[in-house]
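Before any comments, here is the structure.
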Amino acid sequence: METIPIYRRPHGLMKCIRTSTVNIVIVLLTIFHFSHAQVATQTFNTAGTYTFTVPIGVNSITVQAWGGGGGARGDGTSNRGAGGGGAYASSTLSVTQGTTFTVVVGAGGVATGNPGQSGQASVFGNNQVVADGGSGGTNSGGAGGTVAGSIGTTRFAGGAGGNRGGTTGVGGGGGGGGSAFSTGNGNNGANGGLTQGGSGGTGAGNGGNGGSAAQPGSDGVVPGGGGGGRGSQGGSSGMGADGRIVVTYASNAVDLAVTKTASTSSATVGQAVTFTVGITNTSNGTTATNVVVNDLLPSGYTFISAALTPSTGTYVSSTGIWTIGSLASGGSASMVLVGIVNTAGTYNNSASVTANQPDSNTANNSATAVVTVCRAGSSSPLFN
């Protein structure tokens, strides 16, 4: 009896049973896309502390921030001045994938005291981008968030809140200041009149309207609108709105998925086995370049042929290198590889793919087909 090679050492009595192909699950990364890069936007709209982690394939992000709006004066029963709108700041930052940044969205100010509470600043990272909050109102309107109190390549001020109108104890409340636009300063809220409340200023987030006599003031609008002052005997004044932070980035990552099947999972020596390999670029918007698949037949096989679809690629049987080239988003390529098995045994035939771009999901970059080969007339792969 011949000596059994180590790679075919038995684990008990092995029989030629059907072994299923190993399937790799394809996971799709779904984000917005534009041109040949995936462009995504992540928005933080509610006051609080969050984190942002730079995705795979991203080396630059644009951060836009609005500070919280100031609350109107809220004590007593007389008509009150309004809160100012939050400032705007933005910058484009160079980043490294996998880096985590702290994101703080500034809260809008409440409207219960004198002055009303100022809005909090919105902050990205270690003060890389800061948008100042608007000030709370008194009898006069609060100032808008300032350029000086903000950090960023682009900065604009929030609008000031309007003053209360009429005489002491009688009149309308001031309108809240609008938060800054991304292209310019926010507009001031209007002063209250003898009986009418002032209109809120316009901005990325409008200021709340001031209350007319016996009417409450309105809350500011996200992001960062200042709260409107109440009219005399009007109940509550308006609160400032929370700020906002928006992070926009483009990723050049791809998602290449591999599938592989065999024409049979149980063969005999001398039989031809056909392997079908599929490559799909499941990324949404990015073309993969220099796509290369490594698929070398095991040593127990003799190469017969390789048919490529599309036919523009090349396959070198001695190295197992299948060169595809470029593969557009949503595109696919396939290869039908035929070999004759010469030796009994259990063989794993694997295919793996690489490209110039980083891959967002490496779990689906390879697949394996398993074929058990027996000697003709035998039920065991252990003997030639």
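Our numbering is plain: 1 for the first residue shown, then up by one each step along the chain.
Each Cβ is built from the backbone N, Cα and C atoms, and glycine gets one as well.
The compositional bias 'Gly residues' annotation in TrEMBL covers 158-179, 186-211, 222-238. The compositional bias 'Low complexity' annotation in TrEMBL covers 212-221. What TrEMBL lists as domain 'Glycine-rich' is 46-249. Residues or ranges marked as domain 'DUF11' in TrEMBL: 255-371. Under the heading region 'Disordered', TrEMBL lists 157-238.
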Mean per-residue pLDDT in the domain 'DUF11' (255-371) works out to 95
Using a Cβ cut-off under 8 Å, which residues of the same chain at least 6 positions beyond either end of the compositional bias 'Gly residues' (222-238) come close to it?
45, 66-74, 77-87, 106, 108-109, 111, 116, 119, 131, 133-134, 137, 141-142, 144-145, 158-159, 161-162, 164, 166, 169-180, 189, 192, 195, 197-198, 200-201, 203-216, 244
Give me the DSSP three-state residue breakdown of the compositional bias 'Gly residues' (186-211), ordered helix, strand, coil.
0 helix, 0 strand, 26 coil
Per DSSP, what is the helix/strand/coil residue tally across the compositional bias 'Low complexity' (212-221)?
0 helix, 0 strand, 10 coil
Let's see if you can do this one: DSSP helix, strand and coil counts over the compositional bias 'Gly residues' (222-238), in that order.
0 helix, 0 strand, 17 coil
